[in-house]
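Presented below is the structure to which this report refers.
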């Protein structure tokens, strides 16, 4: 670029810089930061002007002339000038003034926080350094530094741009907390007089808290002592001293009396979390937060306090200290007891919390804080003097009077300070009010006279303030009282522009035109309105919120002016209705987010009017007076559409925030949103449709019920509203009232005939919604009205299981008292486990079996011989004539020759001549296991020895079955048969098998008490693969248990297995091609046997390969906790189920603490295997495809397998929970047709063989 062209570009940038500098100068607040930024900006501009001068005087022959290379480096597309221009534009975007209404809506207040200012200053400093090098013509230095410098600046710009583009993270942070205290901090700290409060920051007790030595510091003080301002000073001190990337962090809360209903413990804790996340610059956001956000937004819920506490601990565990400042604790709750409870909740966020609380003195607080460090807040005389000296030097519109008095008579200054200090009584509020009173005196004599009569109490001070107000002109008096009571009666804090527009709208009330309009000229100046209020109204400089000077002022007016409060509420309703009718909103429904944002920015009172226009029209007298205005308003379709859209707006502005609202909502539905039954009746008589609805399907009755407006509900039912009408989601008025725990409306609806049996998709009931609301009274209303608490959702939850897993102990106890029991399914079991993890031990013990004795005893051996009830069942079966039986009776066996019994088997004789028996390895019901050695080869095997003497026919058949099975079954995880051999005397039989030296899985479990998930996974990968192979080849094992699973080595590093003991194994297919052949033989080991095997009616006892999956599920349960799910030891008066009852009904639990550490996916696999209905039970193939069996676990260390990203199905609070995705939980398996289903032409065995094995 030539020098002249470059000069033109430079001039344009200097012009922009001049404008930006003026913007900075005109902005309010942030005096120190504004000065720094303005000075640095002027330094850069000065250098650029010098460069411009050098360019203007450019002469190529001049040695001091700028080199072309220097000019070129400046003018490059991404060079320093472009970056400086981008920086100017960035500042201008936040500070530039807009049109009149926008300027009124958002005065030019300081929009930058300290971090942003520091970044801008660093960027300007680097640009300044570069421009200096240009002026010095130091091309070498430029060459060395330009790339580094510009790259660094570019990265900073890119970082800021990236932060702005990170909408997803910002959306989550905004979602996690609906409130922010940053503006409040800026407003309060703006009013802190520099130099005050140093006594607090230097106090030993405070310093110990700051260093983390004191974990709870209570700073009480009398009303008006300056507690909030000192709290802001502490917060600013933390901002200055605690680095954002260190091991310490901080957060703060400002409690406000007017906001106490919205500042719930949940909301305040969420704000603490949001502040810590922002200060910590977490990038990316913690995965736990992302998961919680996705879960809650998917199901339209908010996080619970327990979830936030858990998340806070996880996020903040890396910090050594977290300072929390909680101001005005006494204003955060309606009762003295709930405030200490909130303090306890904050302290429960973690051991690294260091909490500082300010509050008034309260007896209840003194009891709670008796063991805490205490530091009383009071107005120190030095601080008062500093404050007054500063004020006496100010030149303001009114205070200039007293400043002039002091200049004329310097001795007056000390008189004023001395008198106010003496009468301050430890209250900064009195100091401020006294000074406000003195600042209006017109003579020094009046000042001195007032010093002798300063009020000594707050009430007398407020009385005097009102006297000053009422001494003004009549119009000013009306303005002041109107503003004071508007602020006092408002449903939420009002901003100054809202009050200005309210005042302008009030003047339109007498306008009879159908299209009233609000113009710029109608709006009074804010300073005029607030200037006549005698110092009782304060405007926060950053938020522009108008408030009374202190909460004690609000208490003063509430005690003394109830009549004026009533008339003010009435007047505000009229103003709101008139505002909604303004022609300024003639376009009606805002069709885009941009249009709605623009509307709310220009007309901020629209949101207040739309939300609260009918809030105080709740008695007949008011309704009579207001009816004409209401009728005119609700007859205006455009006004109704505008009001409805604003009324429906969400709290947070995300994509389509203004469009995701119902449309075409009738006037009667909008009116039903407010407690005004008389108005509803009048509207119906005016022929408004009683069943009219908008696009959401809400009728007036459903809207009123949802909001808990019981008198509206009663009136609408009297007028003939359909009590069971439903909206587009299929929800009735009773369901909507129940969801939000609106018990008064519920009672009216139930007595009015509402259907309590209404079911939603997935079987969700109204009673379940009542449980979900957490309102015990709502649950009682429905139960007493006949609601069925035993009903279950499609995924198995009942009202009791929902109450249990949500930790609603009172509701769960009530339902149990009424006869409810937990479902015997995965949902019921998971509910008890979750409740136990939450510490609800007593509730879980009441609702579930007591596993303590079973857990203490651990795993014990069981044979396949019938025991107890199963033995009686086997005897009962034996009495039933069988058309096709497998045996001819036990007594007949003794007369038969063993050779004949084993006819058809390939066997050899002379075992003892060919093998040496070694040590005994084990003993079973009818056989003993030995090690043996082949005398010829020297190879070692195991030998299963059977004695024929006294043996039953069952023993013979078991031997025959096992030998035949092992001849056919060849698999790497099935023990290999070497040969079957008899003794020479034919009285002993030996089944020679490969030796598996690692021993039984049973012993391995007992030795380790339980197995890790990784070890269990390794074992089950082999076991399930083996069962899959067996079942595909038509075989069923029928006796899967830890004793029949052998380990090859027994070493943790080598968990190869061999499946043994095929004495009960049976082939369910034959060579005839007739398909699957089911069996009904009662066999297996009692604690492992499947429910279909022990059906009470043997004629109904049909089963197939599914019995192996059930038994494997029991083994999986044992591996992970060390004891069985079913046991006779569980039977008690509270749990009156025998072992067979438990199995048939599938009644088992995951008792805490034994299951607390087990991955949810493992539990889900067990639930899918231990399904009573064999048609819905997983197959081996489905088990292998389950998420817990994912091959990724092979690479996991020998520690427990970490849980994959799993969503607990029981956490999901609505019918959508039936659809669980691949993230970890499998959906309840659909019906699966497997081998156990009778196929056409299948032959069914009906054997009554007793339960036994070798």
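Note: Cβ is positioned from N, Cα and C throughout, glycine not excepted.
So that you can see what the record holds, here are the features copied from TrEMBL:
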- 1245-1254: compositional bias 'Polar residues' (COMPBIAS)
- 915-1189: domain 'Protein kinase' (DOMAIN)
- 1223-1254: region 'Disordered' (REGION)
- 696-728: repeat 'ANK' (REPEAT)
- 729-761: repeat 'ANK' (REPEAT)
- 762-794: repeat 'ANK' (REPEAT)
Item checked: Cβ-Cβ under 8 Å with the repeat 'ANK' (762-794): same-chain residues at least 6 beyond its ends -> 732, 734-735, 738-743, 746-747, 750, 756, 800, 802-803, 806, 808, 810-811, 814-815, 818-820, 823, 825, 827, 1213-1218, 1228
Next item on the list: Count the residues of the repeat 'ANK' (729-761) that DSSP assigns to helix (H, G, I), to strand (E, B) and to coil, and report the three numbers in that order.
Entry: 17 helix, 2 strand, 14 coil
Notebook entry, point to check: Between 0 and 100, where does the mean pLDDT of the domain 'Protein kinase' (915-1189) sit?
Noted result: 90
Check: Of the residues in the repeat 'ANK' (696-728), how many are helix, strand and coil by DSSP?
Finding: 16 helix, 1 strand, 16 coil
Notebook entry, point to check: Per DSSP, what is the residue tally for the repeat 'ANK' (762-794) in helix, strand and coil?
Noted result: 19 helix, 1 strand, 13 coil
